[in-house]
């Protein structure tokens, strides 16, 4: 009887030790599972943070591309406005040149009339000399000569009046011509300034076109980076899904281990109670 009890006690003790070992092992596995679960949760949080940074960077690249497109459109509008202004100034220059041609024609006409007046004055002067010579030679024709002299003076006065009128008109024409030339010079100066401005605008436009090409290359680069980031995003999402499944699996494993630990504790409690009963029985014997 004692031998059977001792053997049973040894078996109970061995079962107790095995139960303690399994309980300790279950607790160790539970701790490892919890640590692995926390590690996966940290990795998932890091991936989500990295994903948020990638989305912010993508928004920044999109905004930079939008600003570049707006600047290019503004440069094209300025170039178009400059070309329209140059065309308008070319038309104004053409009108000024036509007005200058008309002024030169009026000046040529005035000079011709002045030349005719000078010829008439010369002829009058020669007539006066002829009359004076005839007066010296023939006193009898004095009255006729005086009449001719008066006529000559009248012609001379008329010629002088015409000359003064022509001279006055010439001064006016010269003033008009001078003002026209000043306007033409001003127009030429303005045209030169506008040509220089157009040249600068053209250079700026070329620079903007180069920038646009550069922005286009950057856009291609950004698109490539976006594609890479999209692939990384998909990969991160896949890893996140896998991590979530792993966490769920580990949580289930932890639950199973906790259930097993609880069962082992119950079994240990039952063995302890059975061992206590056996010891009590031995004490009673």
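Backbone N, Cα and C define each Cβ position, glycine as well.
As the structure is a computational prediction, the values presented were derived from the model and not from experiment.
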Exercise. Here are some residues: 88, 124, 192. Which is flagged as phosphoserine in Swiss-Prot?
Worked result: 88
Problem set entry | The annotated region 'Disordered' range in Swiss-Prot, which must be one of 16-44, 45-73 | 16-44
For this session: For residue 262 (phosphotyrosine), list the number of other Cβ atoms lying within 10 Å of its Cβ atom.
Result: 12
Exercise. At the level of the C-alpha atoms, what whole-angstrom distance separates residue 62 (phosphoserine) and residue 262 (phosphotyrosine)?
Worked result: 57
For this session: Across the whole of the coiled coil (1-285), what does the mean pLDDT come to? Round it, please.
Result: 64
For this session: Let me know how many other Cβ atoms fall within 10 Å of the Cβ of residue 62 (phosphoserine).
Result: 13
Exercise. By the DSSP assignment reduced to helix, strand and coil, which category contains residue 262 (phosphotyrosine)?
Worked result: helix
